[in-house]
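The structure appears below as structure tokens.
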Amino acid sequence: MEIVRLIGTPFSFFSYRVIWALKLKGINYEYIDEDMSQKSPLLLKYNPIHKKVPVLIHGEKSICESMVIVEYIDETWQLNPLLSTDPYDRAVARFWAKYIEEKSYSTWNVFCNTGEKQQNAIKESLEMLKTIEENALGEKYKLFGGENIGLMDIAFGGYAHWMEIIEEIVGVKLLDPQIFPRLNAWVKNFKEVPVIKDNLPDRDEMFVYMKNAREKMLAAP
């Protein structure tokens with residue numbers, strides 16, 4: 001059996017997407033913590049194009065970009081499938097996963113900016129959340145994937161843990177339970193899944209890390 005390794009960073013939501021997929025599949029893997037301020041020869045060897053994490057190394061094959069990695073994992077290991085066998089359902093899940101990839105930058109911009117830029121990012125974030133609340137999450141299921149975690153749950157998973165920290169640091173409430181009751185119910189259900197609950201970064205440590213990171217970004221010229 002080929003060795004599986006994951007290059008990631010401790011508080012990267014993108015790394016955790018891959019961790020959750022590996023854990024859901026029951027795959028043994030070696031986790032390699034990367035220092036992005038001093039990128040290792042291993043990272044540069046296996047992701048010479050973008051030089052970013054996460055990177056999955058399966059034997060000597062490297063796969064980059066978190067959602068590409070998640071789909072690779074799903075196709076390689078059959079246990080606990082993340083995508084339906086139905087072609088239409090797979091297409092819908094991929095559509096929403098792509099939508100999240102394209103739109104979630106707005107929430108990061110809320111975190112990284114102040115003033116007018118932040119206000120514009122807040123507006124865009126709320127529009128994205130409204131679209132997902134009204135169109136992507138059905139009333140009869142606990143999760144986007146139905147009763148079990150699927151591709152879209154993993155794609156959107158950062159909003160279950162990282163969002164509340166961003167809100168606290170910035171002082172802005174985005175995921176208001178009065179406005180987004182379905183999404184808030186999803187957050188609760190997602191974090192109650194044992195594989196997710198047991199594989200989340202420490203909240204207090206992540207708060208300190210993200211608060212310091214934001215202060216550095218805002219202080220930069």
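Even glycines carry a Cβ here, placed using N, Cα and C.
Noted in TrEMBL for the protein shown:
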- 2-81: domain 'GST N-terminal' (DOMAIN)
- 86-210: domain 'GST C-terminal' (DOMAIN)
Helix, strand and coil totals (DSSP H, G, I; E, B; other) for the domain 'GST C-terminal' (86-210): 89 helix, 2 strand, 34 coil
Residues in the domain 'GST N-terminal' (2-81) grouped by DSSP into helix, strand and remaining coil: 30 helix, 17 strand, 33 coil
